[in-house]
Amino acid sequence: MQKIKSLMTRQGLKSPPESLNDLGAFESLRVPGKEEFRELREQPSDPQAEQELINSIEQVYFSADPFDIVKYELEKLPPVLNLQELEEYRDKLKQQQAAVSKKVADLILEKQPAYVKELERVTSLQTGLQLAAVICTNSRRHLNIAKEGFTQASLGLLANQRKRQLLIGLLKSLRTIKTLQRTDVRLSEMLEEEDYPGAIQLCLECQKAASTFKHYSCISELNSKLQDTLEQIEEQLDVALSKICKNFDVNHYTKVQQAYRLLGKTQTAMDQLHMHFTQAIHNTVFQVVLGYVELCAGNTDTKFQKLQYKDLCTHVTPDSYIPCLADLCKALWEVMLSYYRTMEWHEKHDSEETAAASEGSNVMSTEETNFDRGYVKKKLEHGLTRIWQDVQLKVKTYLLGTDLSIFKYDDFIFVLDIVSRLMQVGEEFCGSKSEVLQESIRKQSINYFKNHHRIRLDELRMFLENETWELCPVKSNFSILQLHEFKFLEQSRSPSVSPSKQPSATSSKPVTLFEQYCSGGNPFEIQADHKDEETEDVLASNGYESDEQEKSAYQDYDSDSDVPEELKRDYVDEQTGDVPVKSVSRETLKSRKKSDYSLNKVNAPILTNTTLNVIRLVGKYMQMMNILKPIAFDVIHFMSQLFDYYLYAIYTFFGRNDSLESTGLGLSSSRLRTTLNRIQESLIDLEGSADPTATLTAAEERKEKVPSPHLNQLVILTSGDTLYGLAERVVATESLVFLAEQFEFLQPHLDAVMPAVKKPFLQQFYSQTVSTASELRKPIYWIVAGKAIDYEQMLLLMTNVKWDVKEIMSQHNVYVDALLKEFEQFNKRLNEVSKRVRIPLPVSNILWEHCIRLANRTIVEGYANVKKCSNEGRALMQLDFQQFLMKLEKLTDIRPIPDKEFVEIYIKAYYLTENDMERWIKEHREYSTKQLTNLVNVCLGSHINKKARQKLLAAIDDIDRPKR
């Protein structure tokens, strides 16, 4: 029944997974015979009905556990038996038995073909095995016959042949041993010729051959000798490798690398090479410094050789410091150049080997070579930083071994130049920013520069106090680029000047120092200073250069050596400095020079010797900043102090006048006042002597300040004949404006080196200080304008005029002629001054503007002093003023006349009604309380009554109250 159940399960029957047991209890459940199978299959059937019958069989009949079926069925009987129900149940069991029997019969018949086929396969396998046994038996029999007939007869022949082969091999071995005994002579010759690869190749081959014959007693001694020779070769190879560090030779290094590759020690060679480079750096710097120390000591004392490098550096004298530093950098350059060329060699050979490997070779060998190549590459790249770090530390030790504060400025600049060049080498060598060198030289530079700047400020104060403000005669085409201190700007234009031109300028890769000096030379060779060979052609024979001299210079085309090269071309881009390709003909240039003669003469720069010294000082500061960019902010800060102090001195000498601010004319802008206050607080030491009770912090702050300068006693500013020192005022003020223009010109260069975080300081300096230079013109020239014309005399003349006339006058008053005469005299004296010093048009305009404005305000003040005035008197005022304007316009080209409306509006206000005048008073606050009050009082009785007068005076008082 278990098999029946399993067959039913494989057929996908849903009957419970249990088997029928103990079928003997029911005869009706016996397995049908073949006849019954046939009958069952012949009976018509409904598969679905049969499946339902099978599914209706109780679970217990499929159970694998044995149980009593009869007992089970009897226990199921009800207490009261019903025959009909029993028969129905019995029929049901019979139907279930028939369905199961039929299903079993179907399954058996279905599997019968497979059973027959498998039985046939087993029978065929049995037949094949029997045939194989027969073949094996026959084979064994034939093998025994062959063994007895052939093997024993051939053994003698084989033994003789073997003996022959052994003897031949012995003969070859003896010959090889003989050759090996003679190789030591050849090895010595190859070592003397420095043919290391050949020697190693021969030695390795001998060792390989010797290992083959190690069973011979005579070989052991030879093998030991070859091993000693190989070790000797390695020692000589290491010495040869060390020579690479100072003088790289391609052929020599190629032999050494081939030798190490034959030894299989490529990685070891690279480790040794870096040790040699480190040792070479130490030995090189020590020997260079030791040589200078012993030379300066003047004796052969050996105590210096026992000193540490750090202690040895402290014995270098100031005189030999720069040559020693240059030689030190030159020697270190040779070491770094050798390393650079070593890397070049490996890059070249790696590419060649890669190309050869791509053509096909041993895969294992290629992988090993690639591994070695990768190791060497990483080692070399890592070594760049290590070697540069060693170089930095050695140079840093040397730099800190001597106090640089005692050096002259040019010597210190030279030291910075060498260190800057060394940092450039470091950047090209390994991309390093040389933080160690930068920090060491930055601290020394700032300390040096602070002391240097303090001395320069004191010198500037001395120059200013001794300056007589005479014109320094420079040529009309003067440019600061013609000064030696600014030559470096022409050699290396700032990249920020022309950002749009950068791609084209850098389209070709710049040549590095290693590429430039790879074949020879040294970037640290001390070059002679060529400044003395060049002469600055900036000074003229006098302030203007005589007309004959200049005209002849312009007429003679060949005598244009003083004209900058840029001016000879078509045009120069002011932003980029680039010159177009288009050329200019000789005729065009000649005509242009003639036409520009007067223009150049008019535009000749106005500056003093002190101005020129400040400009030169700025150039020197920029040289230091250009060489050592990390201190750019400090240098620019000190440069700004030079300008601040110059500006403050000009203001103190010529523009300080408390009465100016009381005029309320806004002569000094709030920006200018803020700038002057800032300079006074941060830079000017207002205390005459040091206060012993001052704190240490205050003393340090005062140390950074400079006393306020005093005007030279030779400069007379009180003489009316010279227009109260107008010539000196013009030279001083316009020299400041010129200095500001030069700072504007230098702004792109300063901006290019200024750190990004500090650029707001530079922008603030230019917007709040440099740009205010021209604003000093107003207060300085106002003092001249206030004294050049006798305004008090005009007021006295106006008080003598009778303004309450009853008829309209046709003749103007005398004070107008007196005032015009004063202006004519002023114009005459102005022309006299212009013969000494060129007065620029903006200065002339400011002077005339100040004088006219003061005159007009004096006229209004005179009208405000009038006690009584009629309508005809007001008409006379208008007549006087119109006459004054008409004559004044012939003396000056200023249009419109300053404060013209200020007078006219005041005169016309006399005719206003009460309401209009009240509104007019509130709208015109530019008039003083006295002037407004007088206007109301004069109008009393004519068209304003007392009540209206009180109202208007109250309005004036309301306006004046906030001013108190």
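Just so you know, glycine gets a Cβ as well, placed from its N, Cα and C.
Segment annotation: Swiss-Prot labels coiled coil over residues 81-107 (candidates 81-107, 162-188, 594-620). Swiss-Prot marks one residue of S559, S662, S774 with the annotation phosphoserine, and that residue is S559. Considering S494, S708, the record held by Swiss-Prot lists S494, annotated as phosphoserine. Looking at 1-25, 351-375, 426-450, 501-525, the range tied to region 'Disordered' in Swiss-Prot is 1-25. In Swiss-Prot, the feature phosphoserine is attached to one residue out of S45, S546, S561, namely S561. The average pLDDT computed over the coiled coil (216-244) stands at 81.
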